[in-house]
Amino acid sequence: MWRWNQTSLEDFILQGLFDDSFNHLCLFLLIMLVFLTAVSGNTLTILLICVDSHLHTPMYFLLSQLSLMDLMHVSTTIPKMASNYLSGKKSISFVGCATQHFMYLSLGGAECLLLALMSYDRYVAICHPLRYTVLMSRRVGVTMAVMSWSSASVNSLIHTSILMSFPFCGSRIIHHFYCEYPAVVKLVCGDVTLYETTVYICSVVLLLLPIILVSTSYGFILHSVIQMHSAGSKRNAFATCSSHLIVVSLWYGACMFSYMRPRSQRTPLQDKVSSVFYSIITPTLNPLIYTLRNKDVAKALKRVLRSYVVV
């Protein structure tokens with residue numbers, strides 16, 4: 001059993017993304033603009049699904065959960081990064097670092113699982129449309145969401161507890177803009193080879209199992225689409241699945257690049273770039289992809305805006 005001591009409980013130093021140069025100031029402003037877009041887009045998606053009765057279906061319930069995860073994800077990392085940059089401080093407390101690590105790992109894992117379960121929803125909608133209300137009832141949708149949140153939270157709690165129980169020493173400088181696992185584990189004093197191997201295996205399983213489910217679901221979907229005789233039905237099927245496939249590709253691609261590479265091939269710059277992509281860019285693109293490419297969401301937005309204009 002590892003023991004916490006006074007040294008381990010000291011503050012960490014987040015290196016951050018930016019320095020005091022004008023170019024980095026412009027980059028900071030750009031990231032803040034992207035952050036505001038992510039917050040606005042995901043908040044709007046959640047509100048639309050809650051307000052418009054036409055979107056009270058399992059598919060859109062799962063979409064609202066995805067938007068909530070993205071909203072919480074960007075809120076876990078960017079505000080702290082921005083406050084440190086604007087105040088000139090770079091410190092983060094031990095408890096703050098542990099909380100940040102737990103939150104981003106929980107939300108990332110939950111999103112991996114939820115995207116896989118959403119592919120099953122698309123499979124049922126296209127391959128078994130007449131049985132959709134039975135196979136994908138409201139209760140099933142809620143169960144999927146609860147499974148995603150709870151499984152990822154338990155996994156994150158275990159990993160965070162173990163990681164933050166190790167003794168930390170040295171400069172305590174985290175070469176990152178938040179407390180991501182690869183950057184924090186480098187500060188541990190002692191041999192963490194076994195723990196790193198365990199985390200690597202868990203990451204592979206957490207990513208590969210959902211990818212297998214997604215691939216299987218879309219394999220059946222492709223088979224059903226090929227057998228369709230109507231060109232219009234094929235277009236509708238592809239339109240229904242394309243948004244989800246884009247989001248899945250962006251998210252899993254970034255996560256695989258970040259967590260399935262051996263430690264010897266990692267650099268702090270690569271970790272930062274990949275983290276910016278899946279912790280900022282992807283949560284910003286998700287609502288834009290679903291909103292702009294989804295006719296139901298676009299119609300719901302028009303209905304809500306029309307009702308407010310009339311009032």
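Backbone N, Cα and C define each Cβ position, glycine as well.
As annotated in TrEMBL, transmembrane segment covers the listed stretch 275-293 rather than the other ranges in 66-84, 275-293.
A contact between the transmembrane segment (237-260) and the transmembrane segment (102-120) is present, since 3 or more of their C-beta pairs, 6 or more residues apart, lie under 8 Å. Take the transmembrane segment (102-120) and the stretches 27-49, 198-225, 275-293: counting Cβ pairs under 8 Å, 198-225 has the most. Beyond the ends of the transmembrane segment (198-225), by six or more residues, the same chain brings 109, 112-113, 115-117, 119-120, 122-123, 126-127, 155, 159, 181, 185, 234, 237-238, 241, 245, 248, 252, 255-256, 259-260 to within a C-beta distance below 8 angstroms of the stretch. Counting residues 6+ beyond its ends, the transmembrane segment (275-293) has Cβ neighbours under 8 Å at 17, 31, 34-35, 37-38, 41-42, 44-45, 63, 66-67, 70-71, 73-74, 77-78, 104, 108, 176-178, 180, 239, 242-243, 246-247, 250-251, 254-255, 258, 301 in the same chain.
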